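Structure, as structure tokens:
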Amino acid sequence: MKRKGVGFSLPVTVVMLVIGFIYFASVFTFIDRWFSLTSSPGIANAAAFTALALMCIYNYSIAVFRDPGRVPLNYMPDVEDPESPVHEIKRKGGDLRYCQKCSHFKPPRAHHCRVCKRCVLRMDHHCIWINNCVGHTNYKVFFVFVVYAVTACVYSLVLLVGSLTVEPQDEEEEMGSYLRTIYVISAFLLIPLSIALGVLLGWHIYLILQNKTTIEYHEGVRAMWLAEKGGQVYKHPYDIGAYENLTLILGPNILSWLCPTSRHIGSGVRFRTAFDSIPDSSETKH
């Protein structure tokens with residue numbers, strides 16, 4: 001579902017400009033200088049990097065424009081449902097989770113976003129770089145975008161370094177001030193981006209393998225401390241095993257893990273837990 005009221009965003013504009021700059025620098029400077037765009041290796045690398053850039057832009061656009069997941073207006077928790085053994089409660093008191101700002105009950109894993117001013121299903125965090133929340137319906141495309149972005153940054157760095165190893169054939173091919181500027185700006189962008197996005201990718205791989213959101217991780221730290229204090233062992237209720245966790249987020253078909261598909265994600269108001277004996281049909285629908 002497409003978001004409503006999406007306007008101009010400076011961070012999104014910056015991201016698109018950076019993607020554009022890195023693409024043109026990689027193809028028309030690094031690849032051309034290293035292989036020449038008229039050679040077979042040059043054409044192959046240009047085609048591969050172009051495909052990578054297109055996947056970055058496509059997944060990024062979906063993450064920006066797709067609604068992260070709205071709580072249904074008629075949502076009401078069924079405390080007597082035997083197939084839903086886990087009901088999240090407020091941190092204080094024993095009432096079911098109710099959003100005072102939205103004036104409705106919140107499903108498990110949903111949280112209110114102060115920026116979006118509404119509750120988001122399976123909210124992970126609000127990301128300024130996509131001007132949107134990362135939630136139930138756009139989490140996978142956000143993750144896939146990060147995968148492609150890390151790959152593109154590392155690929156571009158390899159092309160940058162490789163193109164510097166080429167000895168100029170004559171004085172006309174010596175690097176001028178224009179090329180130096182491109183190389184300096186590219187290195188200034190690619191090195192910190194590769195590190196930052198690599199750390200972000202590693203973090204979300206860890207979360208996916210545990211079937212946690214960023215919010216749930218921080219809540220789990222406190223829950224683990226309280227459990228240990230009471231002589232108990234805390235287990236994240238939605239952790240059903242590493243591979244099962246992967247398939248719940250990325251899909252049952254390994255070949256589609258890096259594609260922006262989302263037909264497998266279910267409604268977002270109920271989730272499989274470690275206490276379930278039979279998988280929820282909404283979560284296993286292909």
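Just so it is clear, glycine is given a Cβ too, placed from its N, Cα and C backbone atoms.
Taken verbatim from Swiss-Prot:
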type: TRANSMEM; residues: 11-31; note: transmembrane segment
type: TRANSMEM; residues: 45-65; note: transmembrane segment
type: DOMAIN; residues: 97-147; note: domain 'DHHC'
type: ACT_SITE; residues: CYS127; note: active site, S-palmitoyl cysteine intermediate
type: TRANSMEM; residues: 141-161; note: transmembrane segment
type: TRANSMEM; residues: 182-202; note: transmembrane segment
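For the transmembrane segment (45-65), the partner stretch with the highest count of Cβ pairs under 8 angstroms, out of 11-31, 141-161, 182-202, is 141-161. Close to the residue listed as 'active site, S-palmitoyl cysteine intermediate' in the fold, though at least 6 residues off in sequence, lie CYS133, VAL134, PHE142, each with a CB less than 8 Å from its CB. Per DSSP, the secondary structure of the domain 'DHHC' (97-147) breaks down as 9 helix, 16 strand, 26 coil.
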